[in-house]
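What follows is a single structure, written as structure tokens, with notes after it.
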Amino acid sequence: MGSESKTVHSPIVTYASMLSLLSLCPPFVILLWYTMVHADGSVLQTWDYMRQNGLQGFIDIWPKPTAIAWKIIACYGAFEAALQLWLPGKRVEGPISPAGNRPVYKANGVLSYVVTLVTYLGLWWFGIFNPTIVYDHLGEIFSALIFGSFVFCIFLYIKGQIAPSSTDSGSTGNIIIDFYWGMELYPRIGKNFDIKVFTNCRFGMMSWAVLAVTYCIKQYETYGKVSDSMLVNTALMLVYVTKFFWWEAGYWNTMDIAHDRAGFYICWGCLVWVPSIYTSPGMYLVNHPVTLGAQLALSILAAGVLCIYINYDCDRQRQEFRRTNGKCLVWGKAPSKILASYTTTTGETKTSLLLTSGWWGLARHFHYVPEILGAFFWTVPALFNHFLPYFYVIFLTILLLDRAKRDDDRCKSKYGKYWKLYCEKVPYRVVPGIY
Ligand code: NDP
């Protein structure tokens, strides 16, 4: 029997990843935006520009966060926060935390998502606000997000030090680790405003849908029509984000929420990386209206929807299995399972069920395969003239392979011999028969 591990990494890993996140990710966001919007999506063109103009050239293309960028971010953030606080929703309980707390949420994600998209499209339709303004100030918006999110993470650190919301918090004694990995698992403002729901779901994931629609509208306003490649890309991204909000209460049971604390790593990532990098295939398509033809477009759309559905079904299967305590059908049969016990940080012994059939019997993290393929299918409408639109798929593959290992390590130290038994029954980590 193992004890539940703490999610604190070694100082050297933290320093290295913090330094690279701080020094490489912000310039990368700006370079990616510049290449997509001003250099025809061509890495070579940007490379030539950088070679000729050096550091000064890079400083010249870095947009300053302007007043309009701050206004757009402030209005969007305040609107999403208001929806999170005031729209009605079912009361949902999260999983028991390592310190024995059970967070309570209001499940109003789908309603917030619908209200956001209807409002955004309504503002455009009635001529009140044109989403092309967002695209035209995208560089300034990303620049403002880079700095604003850093300041927000300082706020999270100070809050964790002086006013933590629950006992699932605390310092490691190392200021850099505390800032980077976070102080609190469930930080809140007041009793009801959950900060991680805001950063990860209502700001980060919602911005993905809002920007996908923005790119589509920008192409329409520039060319007078929307290409079938853009339609497939936007439709698949919207199906994915819709799926996310449909399943949002399930997301509150995942590693991001139940294990990773609110620090620079996860919050900066959701506030900056999701809006800029995750949406980048659509950003590329704005100026590249590729025509696929109905047959190819529909085939890509169908393949993408199937992958997103399978990814959803994997998550649903695991959660339904846990919710019913194993008393459900998995692929039409009683599930095969392992009863695994573990010890919490407070010394209590608890048990969890591990599903070893259905999707979870194919590989221990099979759900990452359709996640990666789904991303491939909303990128492939860009065809293969440029490499950069595929950056997200490559990044996601590396992220998820690392996450599978991180999750395996965590589960191994939590469940000990029971996890070993699971690994014997289901030997592959991600891809059945291969890895
Ligand atoms: P989950 O947290 O949903 O699943 C892993 C957890 O499930 C483990 O930590 C363990 O937690 C439990 N578990 C593991 N094996 C079993 C089993 N056999 N039976 C029952 N429970 C088990 O994983 P993720 O957070 O990584 O993924 C959730 C979703 O988010 C996926 O759809 C994924 O594709 C997506 N995702 C997307 C990303 C993106 O950037 N686009 C990034 C990361 C995820 P416990 O301690 O409870 O036992």
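From the backbone N, Cα and C atoms, a Cβ is placed for every residue, glycine too.
Residues or ranges marked as transmembrane segment in TrEMBL: 12-34 (among others). Residues of the same chain lying 6 or more positions beyond the ends of the transmembrane segment (12-34) and with a Cβ under 8 Å from any Cβ of it are 46, 58, 61-63, 138-139, 142-143, 146, 176-177, 179-181, 264-265, 268, 272-273, 276-277, 280, 283, 388, 391.
Residues of the same chain lying 6 or more positions beyond the ends of the transmembrane segment (68-89) and with a Cβ under 8 Å from any Cβ of it are 106-109, 111-112, 115-116, 119, 133-134, 137, 140-141, 143-145, 148, 192-194, 197-198, 202-203, 206-207, 210. Under the heading transmembrane segment, TrEMBL lists 68-89 (among others).
Long-range contacts of the transmembrane segment (110-129) within the same chain: residues 79-80, 83-84, 87-89, 202, 206, 209-210, 213, 217, 241-242, 245-246, 248, each at least 6 residues beyond the stretch ends and with a Cβ under 8 Å from a Cβ of the stretch. According to TrEMBL, the transmembrane segment annotation covers 110-129 (among others).
According to TrEMBL, the transmembrane segment annotation covers 141-158 (among others).
Per TrEMBL, transmembrane segment is recorded for 230-247 (among others). Counting residues 6+ beyond its ends, the transmembrane segment (230-247) has Cβ neighbours under 8 Å at 109-110, 112-113, 201, 205-206, 208-209, 212-213, 215-216, 219, 279, 281-282, 285-286, 289, 292, 297, 300-301, 304-305, 308, 311-312, 315-316, 374, 377-379, 381-382 in the same chain.
Remote same-chain partners of the transmembrane segment (262-280), defined as residues 6 or more beyond its termini with a Cβ less than 8 Å from a stretch Cβ, comprise 17-18, 21, 25-26, 29, 32-33, 36, 142, 145-146, 148-150, 152-153, 156-157, 160, 178-187, 195-196, 199-200, 203-205, 207-208, 211-212, 215, 237, 256, 388-389, 391-392, 395. Annotation source TrEMBL lists transmembrane segment at 262-280 (among others).
Feature annotation from TrEMBL assigns transmembrane segment to 292-312 (among others). Within the chain, the transmembrane segment (292-312) has long-range Cβ neighbours (under 8 A, six or more residues past its boundaries) at 227-229, 231-232, 235-236, 239-240, 243, 246-247, 359, 367, 370-371, 373-374, 377-378, 380-381.
Summarising the annotation, TrEMBL assigns transmembrane segment to 375-401 (among others). Within the chain carrying the transmembrane segment (375-401), a Cβ under 8 angstroms from the stretch's Cβ atoms is held by residues 32, 35-36, 40-43, 228-230, 232-233, 236-237, 240, 277-278, 280-281, 284-285, 288, 290, 292, 297, 300-301, 303-304, 307, 365, 368, 430, 435, all 6 or more beyond its ends.
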